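Novice: Pasting a structure here, questions to come.
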Amino acid sequence: MSPQTETKASVGFKAGVKDYKLTYYTPDYQTKDTDILAAFRVTPQPGVPPEEAGAAVAAESSTGTWTTVWTDGLTSLDRYKGRCYGIEPVPGEESQFIAYVAYPLDLFEEGSVTNMFTSIVGNVFGFKALRALRLEDLRIPPAYIKTFQGPPHGIQVERDKLNKYGRPLLGCTIKPKLGLSAKNYGRAVYECLRGGLDFTKDDENVNSQPFMRWRDRFLFCAEAIYKAQAETGEIKGHYLNATAGTCEEMIKRAVFARELGAPIIMHDYLTGGFTANTSLAHYCRDNGLLLHIHRAMHAVIDRQKNHGMHFRVLAKALRLSGGDHIHAGTVVGKLEGERDITLGFVDLLRDEFVEKDRSRGIFFTQDWVSLPGVLPVASGGIHVWHMPALTEIFGDDSVLQFGGGTLGHPWGNAPGAVANRVALEACVQARNEGRDLAREGNEIIREASKWSPELAAACEVWKEIKFEFPAVDTI
């Protein structure tokens with residue numbers, strides 16, 4: 001161990017306060033394959049040197065506190081401390097820089113996203129010496145990944161369960177999200193599924209309210225699924241939201257869904273919490289249920305560029321905690337999401353190995369060592385005119401989810417579903433024939449609408465609808 005990184009905690013105790021950088025800033029440190037690596041965007045208070053701010057982040061998110069303590073001499077600080085091993089400026093930002101911090105693996109409980117986040121981001125974000133702090137990325141080492149189950153099933157197992165290959169899956173969020181009775185809700189589900197969708201979905205805040213208790217909703221949705229399957233010959237599903245006020249109630253709802261023969265359930269993983277989510281993911285694997293994940297509340301954490309946590313970190317955490325689908329923005333719809341950044345974390349969700357690529361916001365090479373992948377879900381303000389772009393951007397291993405873009409069809413839910421299915425099939429066929437979806441997309445949709453009156457009606461309704469606002473979160 002080099003003299004610069006060694007901490008002589010055992011050579012007598014001297015009370016007082018010393019600069020964090022004397023202990024936690026170690027630019028000569030060589031990172032280990034077992035370290036968890038973090039990239040923080042740091043905005044220090046005026047007068048705080050970058051090295052001191054970076055060291056403070058490493059200290060306060062690992063073994064350090066504001067003063068020297070005599071119990072430092074009872075352990076090996078060098079074994080357990082976090083280390084700020086690199087500082088680099090943020091281009092175009094005078095007062096910001098990226099601090100790279102390495103954490104020894106022994107700081108973390110095996111298989112616990114909850115403990116990982118409690119350590120890395122649990123306390124340091126309120127530190128007075130920092131004006132703002134954002135966790136941009138994490139490198140999760142294979143040794144730690146192997147302590148997690150991850151997604152209940154993964155992409156290939158889901159396709160095998162559904163017997164659907166060679167195209168994105170189609171979904172729809174039932175609207176209005178609140179206020180429908182269980183029977184009318186089930187009717188809307190049935191119409192969408194018989195029209196050609198693969199899935200329908202509870203919205204994130206549909207749990208068990210006075211107008212529609214969860215058990216009634218589950219029963220009517222199961223009836224809709226079976227009826228649509230009998231009519232179409234295709235396997236169908238509805239994301240039954242099992243999110244609840246307690247873990248016990250959540251599992252009770254999941255058990256009932258399994259008893260009904262439902263293929264998939266749903267969880268709001270941020271509002272529900274990582275402990276609840278991991279518990280549900282384990283239940284789903286043990287009982288053959290797919291698990292759809294909604295990211296409700298994510299923008300509270302990830303939207304501001306200078307403070308919080310980037311969604312790519314939340315996406316990695318979800319892959320560890322467990323989920324077969326997760327909402328990931330659309331690039332072209334109503335929700336925030338710049339293209340290169342979005343595709344960066346989409347690859348982190350799906351692929352087994354992702355190289356470092358700063359142009360897409362990926363700070364570290366990530367090896368998932370065979371952990372199953374997660375299907376990204378594109379949802380929010382999308383309609384048939386977006387289908388070519390969505391197919392080109394997200395590829396086959398994705399779920400394209402049209403809520404208003406199905407239920408807002410002038411002829412009703414089933415024709416809305418038909419329009420989306422026809423548009424998707426046309427785009428997939430055109431792509432397979434070698435046509436350029438990005439350049440010829442509108443023409444492909446127009447050609448398909450000539451033999452599909454449902455698609456033609458949808459094209460007319462949404463021909464002027466665009467959501468063109470600059471992204472807040474950019475590279």
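In case you wondered, yes, glycine gets a Cβ from its N, Cα and C as well.
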Novice: Kindly point out which candidate in HIS238, HIS327 is recorded by Swiss-Prot as part of the substrate site with ASN123, THR173, LYS177, ARG295, SER379.
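Specialist: Checking HIS238, HIS327 against Swiss-Prot: the substrate site match is HIS327.
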Novice: If you compare CA-to-CA distances from LYS177 (substrate binding site) to each of the recorded positions LYS201, ASP203, GLU204, HIS294, which comes out shortest?
Specialist: ASP203
Novice: Please list residues from the chain of GLU204 (Mg(2+) binding site) whose Cβ is under 8 angstroms from its Cβ, counting only those at least six apart in sequence.
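Specialist: Those within reach of GLU204 (Mg(2+) binding site), by Cβ under 8 Å and sequence separation of 6 or more, are ASN241, THR243, ASP268, THR271, HIS294, ALA296.
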Novice: Would you list, in sequence order, the recorded positions among ASN123, LYS175, HIS327, SER379 whose CA lies within 10 Å of the CA of ASP203 (Mg(2+) binding site)?
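Specialist: Candidates kept after distance check: LYS175.
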Novice: Beyond LYS201, ASP203, GLU204, what residues of that chain have CB atoms within 8 A of the centre of the Mg(2+) site's CB atoms?
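Specialist: Counting only non-site residues, the set is THR173, ILE174, LYS177, ASP202, ASN205, VAL206, TYR239, ASN241, MET266, HIS294.
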Novice: If I take the alpha carbons of ARG295 (substrate binding site) and LYS201 (Mg(2+) binding site), what is the distance between them in whole Å?
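Specialist: Rounded to the nearest whole number, the Cα-Cα distance is 14 Å.
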Novice: If you draw a 10 Å sphere around the Cβ of ASP203 (Mg(2+) binding site), how many other Cβ atoms fall inside it, taking every protein chain shown into account?
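Specialist: Other Cβ atoms found within 10 Å: 19.
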